[in-house]
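S.K.: Input: one structure, supplied below.
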Amino acid sequence: MKEFKGIAASDGIAIASAFRLTEPDLSFKKRSITDASDEIKRLYAAIDVSKDELLTIQQRTLEDLGSSEAEVFKAHGAILSDPELLNRIKSTIEKEKVNAEYALTKVTDGYIKIFNSMTDNEYIRQRSSDIRDVTKRVLSHLLRVPLVDPALIHHKVIIIAHDLTPSDTAQFVPSYVLGIVSDMGGRTSHSAIMSRSLEIPAVVGFKGRLADIKNGDTVIVDGSTGNVIVNPTEAQTDEYTQKQADYRQRKSKLADFKHQMTSSSDGKHPIIAANIGTLDDLDGAIENGAEGIGLFRTEFLYMDSNHLPTEDEQFNVYKTVLQKMDKKPVIIRTADIGGDKDLPYLDVPKEANPFLGYRAIRMSLDKPDIFRTQVRALLRASSFGNLSVMFPMITTINELKKAKNIFNQERIKLIREKVRVKPVKIGIMVEVPAAAILADQFANEVDFMSIGTNDLIQYIMAADRGNRMVSYLYQPYNPAVLRMIKHIIDACHDNNLPAYMCGEMAGDQTAIPILVGMGLNEFSMSASSILKSRALIKRLDSREMVTLANKAVTMASASEEVTAFVHQATNNVQ
Amino acid sequence: MEKRQFNIIAETGIHARPATLLVQTASKFNSDITLEYQEKSVNLKSIMGVMSLGVGQSAAVTITADGDDEKEAIDAISETMKAEGLTE
């Protein structure tokens, strides 16, 4: 028995036998050959076996995972049928009298180099990884070194790997891959993110030697604590089997909340919505029972692109979100781009202090063409669902008025062009203290406010949330922050406006009781927090939480005391 | 030998789906078919070749077909180009 620690990357517990996913040794030497036709025969034989193998994997993947995953292997097969590629390898063997391994690698390296140099074309650059994968496969047959194909795993295993590539994880069949242990990366590495989306328990940043785990060893992975046990004792196996059962029970209990309306024990109904950043996130939001989208960050449209997104490109994305949410409320935030995000096609000078600089609405008002394109796309999409729009980083009333003006101008233009436009609610993201303090005045100009706590907290506490030296100051429950939030919510309610929150704090299990007490109308959070938050609110009596919230804002101390106080108070009601 | 010039209007140039479909169309014919762009010429039946040209927006390309079905080949290719929004 051996116990190791790592970073908890994906919740859950798995017990199964180890399957080492190791890189095969595909090294070879350049050799001169005398009989080119023999060498070409050897090449074609390896290519034919590879194609057969790809067909099997494609079939298996299609059955187990679906057509888009299988598509990758179809593309690999197509590369091996490319006449120009084959001819070039063949003529390299003939002219240079070299071995097939060398000729193959020389030709495919050439393509990879060309494709990688096409910096403005992401699609083609990604194809170079396909070529690399295919080359490896043919090499493995030329060299007779077996390649480990995760798609061909057909019994229950824990994957032990140095690092996982996207093409590895794409081949995992969730019913066979029960857990993952990797010695690379942190919680945000590719392996970690993929395992969370596949809901496979995972530990990354493994602190032991992977070589100490042999194929077939029994391994326990606890993705909630980061514990890895190799060849456990009987008592340990029993202990973790029990933990696994408990975990599954908790999870299935939470699943009951998926189709329920959010409700406090005394029948108040705040909305639990999801924050999304891409269309991929949307499925997770729906899957977890989001009652709306409280924040759709539109930056990905600008970041994952080599050009400013066109009106049509944006329209299609917004329309998809609205349609998929099926009349549930969707709040789309206009672009929050600027100095901290490097957009190669946009000339924005680097700034010493981008969080206090030229970004979000400040840039939108300075570059109205970019802003107008987005506004038009939003308005055009409005007829496909229940759309609200909010502006980020609003600091002065004047900025808000300017933004609203542009919005109305584009709206009138579209109506004149006979485009169908539905009424759109307009709000601001309250994240700058200046706007928070004047919330009562802003209330006359908007339909709702959404508190962006991530930035609001760092601006109130004057502490960069990315700077580890001052991270102790990033205190969501500091009474200064709580008072500010209460002030914003009260200002909204005094003016009959709903108050929303879309920062991390909205999904924070300690903050939620206080926010319920303050009467927050919508909690928008990452999809994975929705069900547990709905379960928590179900246990809370909103009237008791009012008392709790009022007490919390009068506390003079820092976060720790508030945390302890909330935990004590809410444990009593559980 | 059949030769025709095309002006690519698609914003993303020839890539991904259109490229694959062009190669599929070309592969149906016996003629040798080449795609020429900026003095480089590739086999239009090769997806790797087509993609390695990196044909962008407003590029002028020449397609040449040589063989017993050259006329039909060029016609089919122009149609695919139009259907995929690569040309007007």
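Here the Cβ of each residue, glycine as well, is placed from N, Cα and C on the backbone.
In case it helps, TrEMBL gives these features for our protein:
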{"type": "ACT_SITE", "residues": "A:His190", "note": "active site, tele-phosphohistidine intermediate"}
{"type": "ACT_SITE", "residues": "A:Cys502", "note": "active site, proton donor"}
{"type": "BINDING", "residues": "A:Arg297, A:Arg333, A:Asn454, A:Asp455, A:Arg465", "note": "phosphoenolpyruvate binding site"}
{"type": "BINDING", "residues": "A:Glu431, A:Asp455", "note": "Mg(2+) binding site"}
{"type": "DOMAIN", "residues": "A:5-127", "note": "domain 'Phosphotransferase system enzyme I N-terminal'"}
{"type": "DOMAIN", "residues": "A:155-226", "note": "domain 'PEP-utilising enzyme mobile'"}
{"type": "DOMAIN", "residues": "A:252-541", "note": "domain 'PEP-utilising enzyme C-terminal'"}
S.K.: Looking only at A:Glu431, A:Asp455, the binding-site residues on record, which one has the least crowded Cβ, with the fewest other Cβ atoms within 10 Å?
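M.R.: Comparing Cβ neighbour counts within 10 Å for the binding-site residues A:Glu431, A:Asp455 gives A:Asp455.
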S.K.: Using DSSP, tally how many residues of the domain 'PEP-utilising enzyme mobile' (A:155-226) sit in helix, strand and coil.
M.R.: 17 helix, 19 strand, 36 coil
S.K.: For A:Asn454 (phosphoenolpyruvate binding site), which residues in the same chain are close in space, meaning a Cβ under 8 Å from its Cβ, but six or more apart along the sequence?
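M.R.: Spatial neighbours, sequence-distant, of A:Asn454 (phosphoenolpyruvate binding site): A:Glu431, A:Arg465, A:Gly503, A:Glu504, A:Met505.
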S.K.: Name the residue among the binding-site residues A:Arg297, A:Arg333, A:Arg465 whose Cβ has the smallest number of other Cβ atoms within 10 Å.
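M.R.: Each of the binding-site residues A:Arg297, A:Arg333, A:Arg465 was scored; lowest Cβ tally within 10 Å is A:Arg465.
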S.K.: Can you tell me the CA-to-CA distance separating A:Asp455 (phosphoenolpyruvate binding site) and A:Cys502 (active site, proton donor), as a whole number of Å?
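M.R.: On Cα coordinates alone, these residues lie 11 Å apart.
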S.K.: Can you name the residues of this chain that are 6 or more positions from A:Cys502 (active site, proton donor) yet have a C-beta less than 8 Å from its C-beta?
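M.R.: Residues satisfying the criterion: A:Ala273, A:Asn275, A:Gly294, A:Leu295, A:Ile331, A:Met429, A:Ser450, A:Ile451, A:Gly452, A:Ser524.
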S.K.: Which value in Å gives the longest Cα to Cα span across the phosphoenolpyruvate site residues A:Arg297, A:Arg333, A:Asn454, A:Asp455, A:Arg465 as recorded?
M.R.: 21
S.K.: In which DSSP state, out of helix, strand and coil, do we find A:Asn454 (phosphoenolpyruvate binding site)?
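M.R.: In three-state terms, A:Asn454 (phosphoenolpyruvate binding site) counts as helix.
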